[in-house]
Ligand code: ADE
């Protein structure tokens, strides 16, 4: 059974380096530019981890200008086998409430300004044309471990859900929010795409812990999403995401991932037409 390494992409306020022991900062660059910040190498109960603050440690990068390609490339180069992302999100459905966790299993892409592939003929590091399958964007086995851990911790959560990623930086209108409900999306954020698709292009096992902070804009009987509301709910619940990571990462490391890693790398390799 090979050793695994877990990349943690910390969303706003969920990028606390103190969750890692034996921390060491490493500044890296990639053929696609610089990642959002330094990589923080360390361990969680003996499991090798690499933490990256998606929006930078000083939270200076808004979702449209995050260099997702550099982030994913840097984590792959550092030897990660898995990525666990954390993100805040708005609820689009009656049964998903602020403070709850959704272990999303699918997405709808409503982004418009992002670099969606490594294979865009700009770098020799990724040559050819890539059409990566997206029938299973999130690693089901990692999600299953996360689900059992969130359950054991006693946090209210949903085993699956569809995330709609909007371009932002503005929040959605009422009409957009209602439309997303009709499309049967469960939650909305600004960062899952293209993070998850780029991870797939390089064969990483990706899962996301999405923390609901608001009801977006569709509910007439609740305050519509605004920064103050989202941040307040998030602050009340941020420790949940950290506790899930601390509990789940050693459990993930107990399993044998050799076949999953091999399969995902083969999917990535076979998706490129040279
Ligand atoms: N992040 C947190 N809440 C959100 C919402 N309602 N829309 C987009 N991104 C979000």
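The backbone N, Cα and C atoms fix where each Cβ goes, glycine too.
From a predicted model like this one, the values you see are computed outputs, not experimental measurements.
TrEMBL lists 54, 55, 191 as phosphate-binding residues, and of the candidates 12, 123, 127, 148 the one it assigns to that same site is 12. Contact annotation for binding-site residues (54, 55, 191) versus ligand 1: none, no CB falling under 6 Å from a ligand atom. Within its own chain, residue 216 (substrate binding site) has 90, 91, 92, 171, 172, 177, 180, 188, 224, 225 as residues 6 or more apart in sequence whose C-beta sits under 8 angstroms from its own. Whole-number maximum of the Cα to Cα distances across the substrate-binding residues 190, 214, 215, 216: 15 angstrom.
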